[in-house]
């Protein structure tokens, strides 16, 4: 087995929804980082040879009977350890300190004051704003530890035992609301763990190509190609690794955006000289979706049908052992892990049949969306593909709320095309992270000409984001929204009203279903 990286920071997962952000921040520094279950043994960790270990936050109390724990022997490995929030409390509990329930849960921004010149806060201001999210707190640090930071509600906001390179912070440095959080993590990664920062997208390509070759050998791979950013990058990466051992299957399920099916075939079959098989499965998918309105059921149906289509094609091709998918880190987070609650199932991770005939290859499942775009650029994929709007696996099937019909699909397809065209016309396509239209399952009264109408409403969803974990609604200029609204009402049949979604994530998700 090829050695993948020379230096790595290991993050142990105790259930916080922020956990993936820790790995992301560290990779931004040019240091490879992986998230693993808290159940890893000290011996397993030793074999991984990390430069440092981070114990993540989580929803438990260290005194709960079923709270998440880790192997206490990690403190015997002579590897630097940073505990964040619950991770700090668990460290305290294991090493002889005292943790208690706080008299008042602390959630949101807080001011801390640094005591002395601790390693984690080197060259940082003595007072700073951090993001707190905890119900318990450390009331007595373990023997030999010093208190490095205090706040009004949390007198032990940070602690350390410098000679052992053990550190704890009650707040979340990985969240952007902690104004010097990145600097603190850098001090741990570079100052304490002595990493050099050698990891890059170029390095990632080499690593993943080698992993693909070692996994696949001389066997054949099917790639679920949709033409979106994720599947496109997967296809090009795998094709670069194993060439003609890859066959791309493009399923036209009738749930695609306007002009997308034709564009996919031209780009990949002609432009990249890949073996692409187009499967016309419109009727198959729509028949399965007939009468179904529950969003989770729609996702499961579409996910299952995708796999069954690939099964059928694999039978025709013979000798296919692997299926490649563009699953991202955010897909896995939102679908839930052993330690995190499910928000909604994702097409790439939640709808797979138990009797699937092939093994999965998911080379992007440690990357966020913006990292995938950077990877695509490094692979030489054209900007029009790399910067294409994120598009869910179930396609327009989850942008038609309620039952999916041909008429409703055409409404969403045409309105979405108008939105994308006008965003591009006004030079906003790089300023807005994602934008699309949805069709709620409601009608309203309107007046067009001299006649009363009773037709559908189109919702516009446009958000700004960095990684899809959180987002804010995009401030599209009113005059641009006016043009979009006017065009949709006049050019799309059965629409008499347009609304704009001004909800952030959280509390909403980016997609409506």
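Glycine too: its Cβ is placed from the backbone N, Cα and C atoms.
Because the structure is a prediction, the values reported are computed rather than measured.
Listed in Swiss-Prot for this protein:
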- 8-198: domain 'Glutamine amidotransferase type-1' (DOMAIN)
- 85: active site, nucleophile (ACT_SITE)
- 172: active site (ACT_SITE)
- 174: active site (ACT_SITE)
- 199-388: domain 'GMPS ATP-PPase' (DOMAIN)
- 227, 228, 229, 230, 231, 232, 233: ATP binding site (BINDING)
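Taking the centroid of the Cβ atoms of 227, 228, 229, 230, 231, 232, 233 as the ATP site, the other same-chain residues with Cβ within 8 Å of it are 225, 226, 234, 235, 326, 385, 388. Of all the active-site residues listed here (85, 172, 174), 174 has the Cα closest to the Cα of residue 230 (ATP binding site). The C-beta environment of the residue listed as 'active site, nucleophile', restricted to residues of the same chain at least 6 apart in sequence and closer than 8 Å, consists of 16, 56, 57, 58, 133, 134, 169, 170, 171, 172. Sequence-distant neighbours of residue 227 (ATP binding site) (same chain, 6+ residues apart, CB-CB distance under 8 A): 250, 256, 260, 261, 263, 264, 267, 268, 385, 388. Here the Cα atom of residue 174 (active site) is found 26 Å from that of residue 229 (ATP binding site).
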